[in-house]
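Enquirer: Below you'll find the structure I mean.
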Amino acid sequence: MSGAIFAPLEGPGALDAASGHPLVCPLCHAQYERPCLLDCFHDFCAGCLRGRTADGRVACPLCQHQTVVKGPSGLPPVDRLLQFLVDSSGDGVEAVHCANCDLDCSKQDAETACFCNTCGQPLCARCRDETHRARMFARHDIVALGQRSRDVLQKCPLHAEPYLMFSTDKKSLLCIRCFRDLQGESRAHCVDLESAYVQGCERLEQAVLAVKALQAATREAIALLQAMVEEVRRSAEEEAAAIHALFDSVQEKLAERKALLLQAVQSQYEEKDQAFKEQLSHLATLLPTLQIHLVICSSFLSLANKAEFLDLGYELMERLQGVVTRPHRLRPAQSSKIASDYRAEFARCLEPLLLLGPRRATGAQGGANTLAGGSGPKVLMGPSCPSPVRKVSRSPVQKPTLPRSISTKVLLADGEDTPFAEHCRHYEDSYRGLQAEVQNLKDQVQELHRDLTKHHSLIRAEIMADILHRSLRLDAQIDSEYASVEGMRAVFQEIWEESYQRLAGEQEIYEAQLRDLFQLKQENAHLTTITKHITPYVRSIAKVKERLEPRFQASADDESENPQTAYDASRNGETPASLLLPGSVASAEPPFVN
């Protein structure tokens, strides 16, 4: 069964309305019929609880507390107190039969009916005047019908004697015969009904005061919790608004920096693309010129005789030398890598918003939250993904933050005379003094608390006033030291900024060195590929020369065995001898190497 019977409280004023009538069942909303009391002190009608028992337990429909039930009925015991209140209430008045006229009185007559305690009979208003008019009935005790249960002495069901005593030990009423049956020790706990009534009223008053105090504390707790619920809602709204505002600001900053970075990348791309295309166009016009001169050289060697060779050969050699010695931009003037340092740029644009310095993982705000006792914001640090372009570089690994004492000792052990080291020395002295005073106060307060709780010793007010005064003075000293340390932030921030710029410059130079070495490696691989492509043609020309001029066989063998020598000679501007040999085939041309 659901326990949602009462509506949620809307405010402190709804507490009284939510309590309901004490004689009305909260389930059926009618007057109790055989009210049953649960262990949680909630009452319900026996009919309302019937059928709710499971495994010998019944769950309270209001608070869901489990109550163990015993007996074949499967119901909790009847609440005798609440049943008495129900029977004594106005709604529980039974039909009245007058002892004189034996007629049922109407509801209006029942309200004016009386009861003669002396006769022990109910009387209607008319019969009371008729039967008790004589002087002999003047001493009869006549009360209202509703007061009869309070004033009439009840009788013992065992001995049919009126109750005269009350046992404070067994909490039971006793007649004279019950009193005689008790032992001597038990009789000492028996008092008359009037005294027992007075004592019971006093104890009941004390219990009522305790319940009222608990009621007042409960109302205050409810008011406090309702205020905290409102405060939590308001705090959640403020936090959500701050998150949205920060997120929007971060998006705006990132979008602006993204546009600038993309613009810078596009500018670098256009610049490098234009430079490479211009150089490629120059080399594209140079390659046919070289091809033509090689064909001219081969044709000249095959067609010219010795006289023609000596007449025009040196002119051809000068032309070839001029072609080779002209400045040609064979090496790329720029690298093909476009670097925008986007990670550092994004971090730099987010630094003012997130209060994260480039040299510290968490800012001063996180430390302040930790000192204040708050949980502080939890920063989710994920593994940094390496850039697909910058494969050589790696993200710096964040070292775990050392405790303050250990890190300070390590810093002071280095022996460097820096402003921060001098500040740490001064801070350690001040901190140890403040820590010693706090520990002294703590020990003194703990000792006083132990004397007060365990030994119940009397503590003078002067001692407490002195401790309070020392605590306030120590608090002022801590505030002063905190302000002094906080005032050094600007000085150290400038020093840290200079160090960071120096480290950033060193990192940039280091990355440039790696890029230069990588570029040299690429150029060397390109030259190796070109050499492998030229080697077969060098060997072919050497074999042709060997067949035409046997005297050049030795030199041709040397050149075929060492093709790298011919390649180096061509790089130095010297014409290999194999290219000047007559009979070279014009079709033996080196491939186009791009």
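Note that Cβ sites are derived from N, Cα and C of the backbone, with glycine treated the same way.
Heads up, here are the entries from Swiss-Prot:
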{"type": "ZN_FING", "residues": "25-64", "note": "zinc finger"}
{"type": "ZN_FING", "residues": "93-145", "note": "zinc finger"}
{"type": "BINDING", "residues": "CYS98, CYS101, CYS127, HIS132", "note": "Zn(2+) binding site"}
{"type": "REGION", "residues": "369-400", "note": "region 'Disordered'"}
{"type": "COILED", "residues": "424-458", "note": "coiled coil"}
{"type": "REGION", "residues": "552-594", "note": "region 'Disordered'"}
{"type": "COMPBIAS", "residues": "562-575", "note": "compositional bias 'Polar residues'"}
Enquirer: So around the Zn(2+) site, CYS98, CYS101, CYS127, HIS132 aside, which residues have their CB within 8 A of the centroid of those CB atoms?
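Expert: Apart from the listed residues, the neighbours are ALA99, ASN100, LEU123, CYS124, ARG126, ARG128, GLU130, THR131.
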Enquirer: Counting only other Cβ atoms and using a 10 Å cut-off, which of the binding-site residues CYS98, CYS101, CYS127 scores lowest?
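Expert: Comparing Cβ neighbour counts within 10 Å for the binding-site residues CYS98, CYS101, CYS127 gives CYS101.
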Enquirer: Note the mean pLDDT of the coiled coil (424-458), expressed as a whole number.
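Expert: Looking only at the coiled coil (424-458), pLDDT averages out to 81.
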Enquirer: Just jot down the residues in the same chain as HIS132 (Zn(2+) binding site), at least 6 apart in sequence, with C-beta under 8 A of its C-beta; none if empty.
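Expert: When sequence neighbours closer than 6 are ignored, HIS132 (Zn(2+) binding site) has CYS116, LEU123, HIS140, ILE142 within Cβ distance under 8 Å.
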